[in-house]
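Below is one structure; the comments refer to it alone.
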Amino acid sequence: MKNLNCTPSGKEIFVWNILGSMANSVLSVITLMLVTRMLNSGETDIFSLAWSISQMMATIATFQIRTYQATDVKEYFKFNQYLLFRVLCVIIMIVSSIGYILIKQFDLYKAIIVLIICLFRAVDALADVYEGYFQQKERLDLAGKAVTYRIVIAIALFAISLLLFRNLLISSLVLLFSYISCFFIFNIRYLVRVKCFKLEKDWERNFKWIWKLIREGAPIFINAFLMTSITNAPRIKIDSAISSGQLVDGMQTVFNILFMPASVLTLAYIVFRPLLTKMAIAWTDGRKKDFLKIIGMIFLCLVIMAIFLLGGSALLGIPFLSLLYGLNLEKYKMELLVIILGGCFCTFSYVLDNALIVIRKQYLLVCSYVVSWVYVQFTVSALVDEWNLMGAALAYAASMIVFFIVTLLIFIICLKKEKNNE
């Protein structure tokens, strides 16, 4: 265990953070590809549905408190409090999952698959609170290791079970139990063995802090829900257009394929996660210029990456996606670029989003999400009716640009108020 207690180098933290981020980003891609290639279309549809529902339920389980926890460098809330709060959220998430299944009246087999995948997400959410604590203590290398090992092992066992049994139920259970095992092997072990993790033995008996944590996290949670609604609005309209005969069957699949690269820059932004804690320390210590320098450096790197991403997508995006999914997507090149542009502005907004969380003004972010949500709800139907799939792409991209502009204005106003108060 000596290695766990050695102070990691900046390079080691950087590498493991990237590996963890990459593993997280390919999890859904690889699992869905495995199911698609090894099982029939009916089983694939069930797994895809279960995966989408689990992602929605994961928002409840995490309550989107990870960034707040990681930047709580003065430990206003202790780890035991974050852990108990997460357990309560996970319980609510499981109950919500069961309720959703009952409301939708899924058949027994589909209901079991959906529940298993939601439980898989629940374990992931529980592990996340440990990884948030590792990050808070500037041991993001351990968080990266836990995520990487857990996902690699789970994917490997999932693939082997599919290959051996060709049974979605068995493979889903393998996925769940591999996550549970890795949670104990890595997250729990790291917490117990690493000396810098000093936990309080006594639990806080006054539970008023729960309401304080809900108050702090609620805006972020609401924002996540609204963002899900914003990104789903074009999909809902496309589904309606297909049902009415305006769009042909398969357009939903095409849009979802084109949408996949939209989050590439957001995933790349995760590389800068170690700087989030440094931003919090700089702000807490009153070093406002250092705080702004970190934000400026992140923006510069992301803009450069966005330019390369758009250029690379223009040249290789469509050929790669066509090869990967076996569909001819040549005529959707402009739609792809518009969607990726929207994804870039979404990432730029997240930088300011996280900065506002650091300065504890996250409650103001609701304005950005509400304005963007209202905008997309009012425009998506007209855009899709006029330009079909391009309209859906424009609706998403435009809503992300609106999101960025409003968030930027809020950030500037907050900085000016802070300056006036000094």
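Numbers run from 1 along the shown chain.
For all residues, glycine too, the Cβ spot is worked out from N, Cα and C.
The transmembrane segment annotation in TrEMBL covers 12-34, 46-63, 83-103, 109-127, 147-165, 171-192, 213-233, 253-272, 292-316, 336-356, 363-384, 390-415.
Counting only same-chain residues 6+ beyond the ends of the transmembrane segment (83-103), those with a CB under 8 A from a CB of the stretch are 53-54, 57-58, 60-63, 65, 111, 114-115, 118-119, 121-122, 125-126, 128-130, 203, 210, 213.
Of the Cβ pairs linking the transmembrane segment (253-272) with the transmembrane segment (292-316) and spaced 6 or more residues apart, 3 or more are under 8 Å, so the two regions touch. Residues 230-231, 233-235, 237-238, 255, 258-259, 262, 334-336, 338-339, 341-343, 345-346, 348-349, 352-353, 355-356, 359, 361, 364-365, 367-369, 371-373, 375-376, 379-380, 382-384 of the same chain sit 6 or more residues outside the transmembrane segment (390-415) yet have a Cβ under 8 Å from a Cβ within it. Beyond the ends of the transmembrane segment (171-192), by six or more residues, the same chain brings 4, 31, 35, 47, 50, 113, 116-117, 119-120, 123-124, 126-127, 130-131, 133-134, 142, 145-146, 149-150, 153-154, 157-158, 161-162, 165, 199 to within a C-beta distance below 8 angstroms of the stretch.
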